[in-house]
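Annotation comment: Swiss-Prot describes His9 as active site, tele-phosphohistidine intermediate. Marked as active site, proton donor/acceptor by Swiss-Prot: Glu87. Marked as substrate binding site by Swiss-Prot: 8-15, 21-22, Arg60, 87-90, Lys98, 114-115, 183-184. The annotation site 'Transition state stabilizer' is assigned in Swiss-Prot to His182.
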Amino acid sequence: MIKLVLIRHGQSLWNLENRFTGWTDVDLSENGLSEAREAGAILKKNGYTFDMAYTSVLKRAIRTLWIVLHEMDLTWVPIHKSWKLNERHYGALQGLNKDETAQKYGEEQVHIWRRSVDVRPPALTEDDPRYEATDPRYKTLKKGEFPLTECLEDTEKRVLAYWHSEIAPTLKSGNKVIISSHGNTIRSLVKYLDNLSSDGVVSLNIPTSIPLVYELDENLRPIRHYYLSMDGEVPEGEIPKHISF
């Protein structure tokens, strides 16, 4: 049996301010730092260890992973970073307050942008200061690869390309893997692993910094999955609450 651990980054500063974040590189809040420490302690107490770690090129996910591995005394574990594990790109919504955006465009429209699978938010323009294609972390992207906006299907396409080329072979080689990433990135992976329909993924929420464990067979088909707490596996359908850490 193969075990895979997925973890969404701890609360970010823009999560706290209720803003659309996407590819904007904001850091963790104080609460997010605490959540990451708690996640590391949970994994350590439950006897987990890792051979390889994957994350995005955004600091909120990277820092969460650093803290988790530090709490587990596993700072030696190799970390692979890829833009393909970035959060969904929210286009021209990035930086905007979600409540204010709902007042401007209507709650129904914002809900469609946020939760639908195939509808993209308004796109950035290439002269927008939020367009960061020249950032050194994206120097390997070919012309036209840097997104101006994304729907969940777009996110899923790049995430699964990286899954099949990099992560799946690592798991099949017998390595214990943790992925520290973002809400929509993990939703994309869960949709694929659990073979969820487009309707099924609409209501799927991934909590910040709670370890989600997938037990997989030799072909990486899910046997079962569950969240972890200090007391071990959490009953199906329940999500543990954070404690002060």
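Here the Cβ of each residue, glycine as well, is placed from N, Cα and C on the backbone.
Of all the recorded positions in the list His9, Glu87, His182, the shortest Cα-Cα distance to Gly22 (substrate binding site) is found for Glu87. In this structure, Arg8 (substrate binding site) is part of a beta strand by DSSP. In space, His182 is the closest of the recorded positions Glu87, His182, Gly183 to His9 (active site, tele-phosphohistidine intermediate), judged by Cα positions. Taking all protein chains in view, 24 other C-beta atoms sit within 10 angstroms of the C-beta of Gly22 (substrate binding site). The Cβ of Arg8 (substrate binding site) has 28 other Cβ atoms within 10 Å, all protein chains considered. All protein chains considered, the CB of Gly183 (substrate binding site) has 18 other CB atoms within 10 Å.
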